[in-house]
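Written out below as structure tokens is the structure these notes cover.
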Amino acid sequence: MKFIDEVTLHCASGHGGAGCVSFRREKFIPFGGPNGGDGGRGGDLIFEATKALSTLLELRHKQHQKAERGRHGMGKDRHGAAGEDLIVKVPVGTLIKDFETGEVLADLTEDGQRIILLKGGRGGQGNARFATATNKAPKFAQPGEEGEERKLRLELKLMADVGLLGLPNAGKSSLITKVSAARPKIADYPFTTLAPSLGVVGYKNYRSFVMADIPGIIEGAHEGAGLGHRFLKHLERSGILVHLVDISGLPESDPYAAFEAINRELAMFSEELGQKAQIVGLTKMDLPTAQEHLTEAQAWFQERKIPVYPISSMTGEGVEALLDAIAERLWAAPREEW
């Protein structure tokens, strides 16, 4: 399935039905009083979060969403039926914004969470409502109230406990494949991962947690370089970031400069993301060149007081120690504090 995490919608609630102008007409009562019924209210437009969806793909081709209008009132004091509410289902983690102003209208973070975003218009009153002692036969009724309209921007931010980040081809997909049932595409070239991938990690006696493999980040990502800032937002909800660093290319490559560049990108994207706790995983420890530079790399990160764990997703070396560190940090604070 194609991963879609942003979509624009044109939304409207239902108009209210019009009130009816009608008079009682029966045999021997040619000039009966008014009996026009009220119009029904228009349907509300409601958003509901559901775990059954993982992408906004279904809405990409349904960009106009409108609730049903209320039925018009009728004679014999019959009221129009209310318009049916329209429930738009979205994945858990969907942020709803006003397209024009960018104002956040809703943040749906729980399964089953609902919000009435646009209220349906009220139904108009029929002429029976307007009869008075001085006007016993009103020949007018109220029109239905118009529904609300709004252009919305929906953004999906993945609800992951752990966000994996690093340069393209740093070993993120290999790690999530090793520790979960997720099976992202893996190959020896940059940008193998073109969409976020989620994996559930069940580990020892800890509660299971969700890990997200985010497409590789390069310098300028906050401005859209590489796969762009559209994926940085998925790290914002993570409780902890695991930054994977490949030192097997030393001395030709400079993983330390890359590490600092990626962290600058996080800080430029959002201050909160730049300050989020990180654990470093030194990947590809099954390669001799990575082993050669291990002591140097550990010293570099330890000087900066950054927890560092050498791992190999190929052999499993060090993976258990990394998962221990992740789990201990995750359950040290409740999720609402992340």
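Just so it is clear, glycine is given a Cβ too, placed from its N, Cα and C backbone atoms.
Annotation comment: Swiss-Prot describes 1-159 as domain 'Obg', evidence class sequence analysis. Residues or ranges marked as domain 'OBG-type G' by Swiss-Prot: 160-331. Under the heading GTP binding site, Swiss-Prot lists 166-173, 191-195, 213-216, 283-286, 312-314, citing sequence analysis as support. Under the heading Mg(2+) binding site, Swiss-Prot lists S173, T193.
Of all the binding-site residues given, namely P215, K284, S312, those whose Cα is no farther than the 10 Å limit from the Cα of S173 (Mg(2+) binding site) are P215. S173 (Mg(2+) binding site) carries a helical DSSP state (H, G or I).
A sphere of 10 angstroms centred on the C-beta of P215 (GTP binding site) encloses 27 other C-beta atoms. Once Cβ contacts within 10 Å are tallied over all protein chains shown, the binding-site residues K172, K284 are led by K172.
G166 (GTP binding site): 26 other CB atoms within 10 A of its CB, across all protein chains.
By neighbour count, meaning other C-beta atoms within 10 Å, the densest spot among the binding-site residues N169, S173, S312 is S173.
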